[in-house]
Amino acid sequence: MRTLCSLLLICCLLFSYTTPAVGDLKHLILKAQLARCYKFGGFCYNSMCPPHTKFIGNCHPDHLHCCINMKELEGST
């Protein structure tokens, strides 16, 4: 019985642990999304984009919106 409990504990610890590589990958994705937003002249906004702007993507997985001013969008075309 003691062996079974020990084995169960080890399995729980192994499957619940997030590796540092996963954290690093998430950080790189966040950085890439933020850089892409700024590259196109956008800015990050916490809620829906204001009326004079357009939604062009996400800044982070935390549901921040990447918005761009309509004047900048018209000037680039």
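Backbone N, Cα and C define each Cβ position, glycine as well.
If you check Swiss-Prot, you get these features:
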- Cys37-Cys66: disulfide bond (DISULFID)
- Cys44-Cys59: disulfide bond (DISULFID)
- Cys49-Cys67: disulfide bond (DISULFID)
- 1-23: signal peptide (SIGNAL)
Nonlocal neighbours by CB distance (under 8 Å) for Cys37 (disulfide bond), same chain, sequence gap 6 or more: Phe43, Cys44, Ile56, Gly57, Asn58, Cys59, Cys66
Cys59 (disulfide bond), number of other Cβ atoms within 10 Å: 22
Sparsest Cβ surroundings (other CB atoms within 10 Å) among the disulfide-bonded residues Cys49, Cys66, Cys67: Cys49
All-chain count of other Cβ atoms within 10 Å of Cys44 (disulfide bond): 15
